[in-house]
Amino acid sequence: MNISVTATPVKKIKTELLVVPFTTGALKKNADGILQDLGYDAVVLRDFKADAGELVILYGAAGKAIAARAALLGMGEGKKVTDFRKAAAALALKAMDMKIESVAVDFSGVKGFASSAKSSVASICSAFIEGCYTGSYRFDRLKSDKLKKKKDESDKTKEISELVLRAEPAQLSAVEDGLAAGIITGSCQNMARDLVNLPGNLLQAEDISAAAVESGKRCGFEVNVFGKEEIEALGMGGLLAVNRGSQHPPTFTVLDYKPEGKVAKTVALVGKGVTFDSGGISLKPSEGMGEMKSDMSGAASVIGAVEAVARLGLPIRVIGLIPATDNMPSGSATKPGDVITTYSGITVEVGNTDAEGRLILADALTYAKKQYNPDVIIDLATLTGACIVALGYTVAGLFSNDDRLADDIFEAGQITGEKVWRMPLWEEYDEMIKSDVADVSNLGARGAGSVTASRFLEKFIDGHKKWAHIDIAGPSFSAKGAKVSGATGFGVRLLVELLKKWS
């Protein structure tokens with residue numbers, strides 16, 4: 001998608017689809033005059049409410065309207081940045097369905113939009129572009145069309161090849177800044193989605209590492225990949241235990257972005273990289289198991305976030321740590337009741353092999369603290385079904401030992417639309433993960449599953465005072481039936497916004 005900004009008057013822009021955005025307030029004030037000036041009948045406004053993401057397509061009379069087609073795009077009240085992202089996603093989705101390749105958006109009123117949302121012009125534009133990337137995303141690389149008896153070009157969805165934002169001359173610079181940031185964040189989020197959408201037979205631990213290496217080459221940050229022998233030498237018993245049933249070796253990948261000049265903060269991001277989770281010996285039910293290819297969503301989002309930070313040039317050192325393996329049953333697989341020794345030296349009784357994510361995260365969290373001692377440690381993981389029971393599929397669970405850190409993450413979630421809700425992390429829950437034969441069990445008693453998993457993880461941060469765990473099991477993947485099913489890339493925007501705040 002070629003995205004550009006222009007100050008050319010709207011009436012002189014040549015495009016297949018002219019988009020006129022309206023907030024609910026603007027709709028009431030001057031919508032009739034705007035539409036009539038552009039050559040369209042204002043009668044359509046009777047049914048248009050300007051709700052965020054609402055679209056009405058107009059067809060102009062030949063020689064009267066400035067474009068053959070126009071779209072009224074609702075921005076809601078315009079008081080939330082997320083409304084602009086939502087509207088853009090709806091626009092992109094509609095344009096692709098209509099096979100429109102050229103779109104122009106009249107952003108002449110962007111300064112007013114920013115004022116209403118108590119934000120900046122750049123932030124509004126960035127959110128809008130992110131929404132365009134979200135709505136235009138398709139994962140169809142594995143489709144061959146071989147079974148179609150007749151290939152009909154009209155059936156093929158066309159991508160938007162050109163998107164133009166029209167702005168007033170005084171706002172051009174800010175719009176361009178927002179556009180550039182939105183392209184980076186949006187493309188990095190879609191990169192993460194591509195990784196998650198790959199099936200388990202096409203994405204193993206080594207492929208995740210290769211994706212990280214390629215990202216580092218593109219964006220100039222260091223990537224170090226530890227193979228199985230090195231993982232064994234480190235004594236990462238959690239990662240090795242999960243990998244025991246697999247025919248494919250594990251990897252532990254470290255991405256290290258070091259900005260030039262003064263570093264404002266050093267942040268470690270840990271992403272769970274289970275490429276396919278069968279549950280191991282504690283085998284999952286077959287229904288929905290195919291979606292367990294998404295159990296490496298945390299890893300994908302960490303790669304996307306590190307790349308985005310590098311491309312944005314933020315003055316934050318960001319270290320991404322990704323323990324990766326699949327979790328499979330076999331004659332050599334770890335069994336319920338086994339006791340393992342983690343990288344930290346803490347012993348764990350494996351009460352359930354389907355509670356594998358916390359085992360590989362345990363090693364990575366300890367490694368982050370011991371090797372880098374960063375200012376902040378944040379891990380992202382599709383960790384528990386219990387978090388879905390508590391919060392559903394649109395909100396992630398947030399657990400943290402630091403109130404200020406939790407507040408910052410919550411605020412970033414509100415801005416980006418990747419919302420989190422803080423959950424308890426009290427020591428009373430430790431009783432539920434006690435073991436009679438080891439230091440701790442990876443399986444809690446019935447109830448509070450997302451909380452006991454978080455209490456388990458906290459034992460492996462080696463006393464670090466600023467740590468947060470984000471359970472993205474719910475919002476990381478959309479089941480079939482959604483407007484765009486599959487991976488969402490949840491966490492990329494959230495982390496980037498958080499790191500911008502700390503810059």
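Glycine residues also receive a Cβ, built from the backbone N, Cα and C atoms like all the rest.
Taken verbatim from Swiss-Prot:
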BINDING   K272, D277, D295, E356  Mn(2+) 2 binding site
BINDING   D277, D354, E356  Mn(2+) 1 binding site
ACT_SITE  K284  active site
ACT_SITE  R358  active site
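Distribution of Swiss-Prot features across the structure.
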{"residue": "K272", "record": "Mn(2+) 2 binding site", "CB count, 10 Å": "29"}
{"residue": "D277", "record": "Mn(2+) 2 binding site", "CB count, 10 Å": "26"}
{"residue": "K284", "record": "active site", "CB count, 10 Å": "15"}
{"residue": "D295", "record": "Mn(2+) 2 binding site", "CB count, 10 Å": "27"}
{"residue": "D354", "record": "Mn(2+) 1 binding site", "CB count, 10 Å": "19"}
{"residue": "E356", "record": "Mn(2+) 2 binding site", "CB count, 10 Å": "30"}
{"residue": "R358", "record": "active site", "CB count, 10 Å": "28"}
An 8 Å radius from the center of the D277, D354, E356 Cβ atoms defines the neighbourhood of the Mn(2+) 1 site; name the other residues of that chain inside it, in order. V242, V274, S278, G279, G280, S282, K284, D295, N327, T353, A355, G357
Which of the recorded positions K272, D277, K284, D295 has its Cα nearest to the Cα of R358 (active site)? K272
Using DSSP with the three-state reduction, classify E356 (Mn(2+) 2 binding site) as helix, strand or coil. coil
Can you list, in sequence order, the residues of the same chain other than K272, D277, D295, E356 whose CB lies within 8 Å of the CB centroid of the Mn(2+) 2 site? V242, G273, V274, M292, M296, N327, G357, I360, A381, T382
Between K284 (active site) and D354 (Mn(2+) 1 binding site), what is the CA-CA distance rounded to a whole number of Å? 8
Work through the binding-site residues one by one (K272, D277, D295) and name whichever has its CA nearest to the CA of D354 (Mn(2+) 1 binding site). D277
